[in-house]
Amino acid sequence: MRLRGSPLVMTLYLLFLLVPIYWLVNMSLKTNAEITSTFTLLPSNLTFRNYAVILTDPSWYMGYVNSIIYVVMNTVISITVALPAAYAFSRYSFMGDKHLFFWLLTNRMSPPAVFALPFFQLYSSVGLFDTHIAVALAHCLFNVPLAVWILEGFMRGVPKEIDETAYIDGYSFPRFFVKIFMPLIASGIGVAAFFCFMFSWVELLLSRTLTSVNAKPIAATMTRTVSASGMDWGVLAAAGVLTIIPGALVIYFVRNYIAKGFALGRV
Amino acid sequence: MEKTLNNKAWFLVLPVLVIVAFSAIVPLMTVVNYAVNDTFGNNEFFWVGLEWFEEMVTSDRLHEALGRQILFSAIILAIEVPLGIYIALNMPKRGFWASLCLVLMALPLLIPFNVVGTIWQIFGRVDIGLLGRYLAEFGFDYNYTNDPLDAWITVIVMDVWHWTSLVALLCYAGLQSIPNAYYQAAKVDQASRWAVFRYIELPKMAGVLLIAVLLRFMDSFMIYTEPFVVTGGGPGNSTTFLSIDLVKMAIGQFDLGPAAAFSIMYFLVILLVSWIFYTVMTNLDKEEGK
């Protein structure tokens, strides 16, 4: 007997989740005149002007490019440094390992607001202010610990005998790690990369503090343009819809690992 | 798993240590430096000791922000945790519908924080928002930009919308690990629905549920972007939570000393909760290993 869920509850809950998103999409397909003058549940004059504005104006679409650049940089850095560390944590005990693990966790938990101002000064003083790498490094603060925790969770599932057999067969450590071990935890690497991507993508406070023009993320572009040009609601909604799309696309591939990722590999 | 003692493993951890230390320790030291000094600009600093801490500990502004923050986190947990469990119990167990539910539920979790704010800002507006418009039509006097209570309700509903799925997904993962035999045994014993929940499902969910509660507590405790976009901390100061107040103080008014002292106390609270979190997690790992 599996206790069965009620479709009614789920339908109501999913409606609750989707109605605000529907309203955003709806508004992005309307003209500003229609948004402010009439109240319609579906756009009466379907228009793609709002999307056209974003996709043809460099000051808009460069926001997306900037975001994607620093998010990808961050994901690559985080996974590269986290892989060996997670291996060390899952296989060996060494001096101070528990303290180190705890310290990493505190960084995942620390509020970005505490770090915003010192980051600004740190990156200004080393000349990295308003570069993509600055945001990528700043996001490492919470993404590297996250990646270590998730990967460690996956690596513990790989029996140690595999390592030992490989060494007996004459594999060196780097060769074993790349050729044998990484394929075994490929899904774990995928999940960790996805979560790094995601947390870097949704973060605004640090990325906005560390950039002004050249590396300004789309999220910051949205907030400024809106206040300056007297509320262009349609374009704002369209920009919002475009930021949802990357997440919506990849979510399908990691749907069964979402819980594991959010729980730092501990489900 | 038995772990071998090997201090050379430090070399594998070194890259992580360097990168995180650059992003964590240097800024933290800067904060500590500000917290014990006063400055009149030009990089001239005067040692003031614990003065800022005293000022902050006794400041009404901080107490109010802290009070609002605790109230907010408490309400969030009180709504999201039971609701999340309830949703998890009602999710389809497998097949196409389960996948669809997982994907749709995860959607709000992947929206950039300020877009979440924007969505609700638009959705709640009386002139152009679906929610605000319909509430007005049914005779509610709803306006989140003027009325503190409405602002609170909007921010809370937004957070429930944004994060309940996280609790539900974690509980769902916990429920999936219950073998069918448990349910069959319960059926043989003619256990009630409540008994099944209380003695089978809840104990199996306890681990992930604890993680969910701690994560929700931490994240709601440092919430910044979403309420900032929707209400900007207003009307008045009614939705100014700790992070919003901190950023106002540090970047808006450039009161570095008090802001830094504030940051450090904030950080100590985080450290304490992280420690609880860590203890819970390592205990879970041990149980799993048995």
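Yeah, the Cβs are placed from backbone N, Cα and C, and that goes for glycine too.
Here the transmembrane segment (B:12-36) has Cβ contacts under 8 Å with residues 45, 47-50, 52-53, 256-257, 259-261, 263-264, 267 of the same chain, all six or more residues outside its ends. Per TrEMBL, transmembrane segment is recorded for B:12-36 (among others).
If you look up TrEMBL, you'll see B:66-277 marked as domain 'ABC transmembrane type-1'.
The transmembrane segment annotation in TrEMBL covers B:70-89 (among others).
Positions annotated as transmembrane segment by TrEMBL: B:96-123 (among others).
Residues 72, 75-76, 79-81, 83-85, 87-89, 91, 102, 105-106, 108-109, 111, 116-117, 120, 124, 144-145, 201, 204-205, 207-209, 211-212, 215-216, 219-220, 223, 226-227, 230-231, 234-235, 238-239 of the same chain sit 6 or more residues outside the transmembrane segment (B:151-175) yet have a Cβ under 8 Å from a Cβ within it. The transmembrane segment feature in TrEMBL is assigned to B:151-175 (among others).
Sequence annotations record features per position, and here TrEMBL assigns transmembrane segment to B:196-218 (among others). Within its own chain, the transmembrane segment (B:196-218) has Cβ neighbours under 8 Å at 73, 76-77, 80-81, 84-85, 88-89, 163, 166-167, 170-171, 173-175, 177-178, 182-183, 186, 270, 273-274, 276-277, 280-281, 284, 287, counting only residues six or more beyond its boundaries.
The transmembrane segment annotation in TrEMBL covers B:259-280 (among others).
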